[in-house]
């Protein structure tokens, strides 16, 4: 399990496994980044901070998926739909019932967590131990159902509740200015990651869940109510997805298409990080965020140095997560911190 | 038969009988089947332009006691709000036309899902299985261009309701394609004087698909023609879940003014992140303002706009009754997509009535050079409107608007957050036919 090894050990192991070619590639990357920092220092700093912020938002979106996939082995394609539901529940709580943002931030994740419990008990519990593709297909079907239900209730158009007054505008970070709400999202994301990490690695509950994943029969034999723990874990993963949606809807609004839009990105992050590793997902989220923000600057700076304008490819940002995934999988097929044997 | 509208120009086209290719197209087969079916009827009632009926059978693909219209548009995804508004507008037009002409009008709609392939599949089904007489719809220019190509090949009249791409009335114009909205270049030319005055240097952010690309080209062309400089332009994937990196690049460019050519509701995200980045004090221009996009933001955020082009909006002085009817529907406040839906159906039906036929060549002849005098002229705020013969563009007035102060933003009886700065005659902002690349 990912959490049985500390981050430093994992990083050392990762570096020790690198070939000279990979290290040369890393050196080239550093040089390119250095060139970009020299050529466009202001933009480089803006994008580095922007990438960090965006990366943490990606971590927030993918954390619940990493948890359910990594610990329970369920390929939960409905994660995006749960994320979307979090947005709609927040909207309903604030716009329809007039409750404040803070109440919505609590109610929406719990509501989504309850939906997650229903999904786990009614559908997924029957699929444990079976081929992952079966769980994927089942949750894909659930995604379609939840999407259509949302469309029926809230319509096809995007909805967005009002942002709390004190979270509007930007915050001056001296070297750049970042949206206050985005910084709030980063803070929530950081707390969530820390909380989940603590729960999984430092509590009896986390230990028993991990034990149950490795040897369910033996774990139940010693008196652990494993189904209850799995349900609780799915509640947690769903609630975190709902929290991500709750944060998202206030910033940009949400529509039924969000379910599919974000589940792909979440899967990319989890795959890059390595299935089974929460730490890997955090690092992957940051890596993707930085890559999306910095690669265009790197290409632009390289175009200046070489005089070849074609290098500065317009509109490349959206494919960067997938390029990063391809590169990582070519070098390390199980992802940056994926464990051998998990879902293989 | 008394025409309520008049042909402004002699089309100079050969008659339908000689202008249509001899090739047997699917549309022709359908039309023939329709005509054969009609001959078996005792007679159908055709509608006169003035609303009277003469009881005569009309030639062409359909009798005019009923007209069936297909609308393929976005009813899901990021453009759903635009597609649904167009449908509402179309339904109002049908109410009015049925009352005026004593003709039964049927509207069939389907979702393009923002995919050109899906849009084409749905349009084809509406024509071949649903037997619609002509097509309207599409929000996305990519979808509209695909439908336009198919409509041209198959002799189906098509009004690309909500697409602004210059290609539709340019290099990819079609014999049976008539654009009811203003083109990107019309809107770019409308705001260029305001942009030229506002700043010498501009940075352009644009949605990276047909609409955005042609918009950026049009705006850049207009600015540079006036001696201004575009210091940089950034293609933004559409839709995008985050605009921070593009806003950072606009900020780093140092340009004192930013042209935000972002489509649909993504404009909200871009505007929010412009404010969050602290560059809202720079001059901000948008070449195509859709009021609805800003209604989803708070008024402070919506007040950042300095200059924007607009086909029509609630601030335009005209069409008060239309605005009221939309408001009474209660779904959303009136804005341009409602009117575009209305215009598409209004002009299609009137062309069919004038032509006494729904056959595409007949409708084409009824539209080319036609000077519009229907209620849509008043709705648009007055001014000349006509279907230009050379590219099938509905030449019409355009506007530039600016944000009102938050205190002056009205919410009752409907939202009205912007004020009109200038009105432009269509002929003054439409590029000459010879520059369009269209060779009809």
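The backbone N, Cα and C atoms fix where each Cβ goes, and this holds for glycine too.
Note that TrEMBL annotation is computational and uncurated.
Residues 1-2, 82-83, 124, 127-128, 132, 135, 139, 178, 182-183, 185-186, 188-190, 192-193, 196, 200, 209-210, 213, 230, 233-234, 236-241, 243-244, 247-248, 262-263, 265-267, 269-270, 273, 275-278, 280-282, 284-290, 292-293, 342-343 of the same chain lie 6 or more positions beyond the ends of the transmembrane segment (A:52-74) yet place their CB under 8 Å from a CB of it. Taken from TrEMBL, the feature transmembrane segment covers A:52-74 (among others).
Summarising the annotation, TrEMBL assigns transmembrane segment to A:81-99 (among others).
Residues or ranges marked as transmembrane segment by TrEMBL: A:105-124 (among others).
Counting residues 6+ beyond its ends, the transmembrane segment (A:181-200) has Cβ neighbours under 8 Å at 3, 52-53, 56-57, 59-60, 63, 67, 71, 163, 167-168, 171, 206, 209-210, 236, 240, 243, 247, 250-251, 278-279, 282 in the same chain. Taken from TrEMBL, the feature transmembrane segment applies to A:181-200 (among others).
For A:230-250 (among others), the entry in TrEMBL reads transmembrane segment. If you look at the transmembrane segment (A:230-250), the same-chain residues 6 or more away from its ends with a CB under 8 A from one of its CBs are 57, 60-61, 63-65, 67-68, 71-72, 74, 76, 79, 82-91, 101, 104-105, 108-117, 119-121, 124-125, 128, 159-164, 167, 181, 184-185, 188, 192, 196, 199, 205, 209, 212, 258, 262.
For A:262-287 (among others), the entry in TrEMBL reads transmembrane segment. Within the chain carrying the transmembrane segment (A:262-287), a Cβ under 8 angstroms from the stretch's Cβ atoms is held by residues 1-3, 7, 10, 51-52, 55-56, 58-59, 61-63, 65-67, 69-71, 77, 79-81, 83-84, 143, 193, 196-197, 200, 244, 248, 321-322, 324-325, 328-329, 332, 334-339, 342-343, all 6 or more beyond its ends.
Sequence-distant contacts of the transmembrane segment (A:293-312) (same chain, six or more residues past either end, CB-CB distance under 8 Å): 32-33, 35-36, 38-40, 43-44, 47-48, 50-51, 54, 320. Residues or ranges marked as transmembrane segment in TrEMBL: A:293-312 (among others).
The annotation transmembrane segment is assigned in TrEMBL to A:319-337 (among others).
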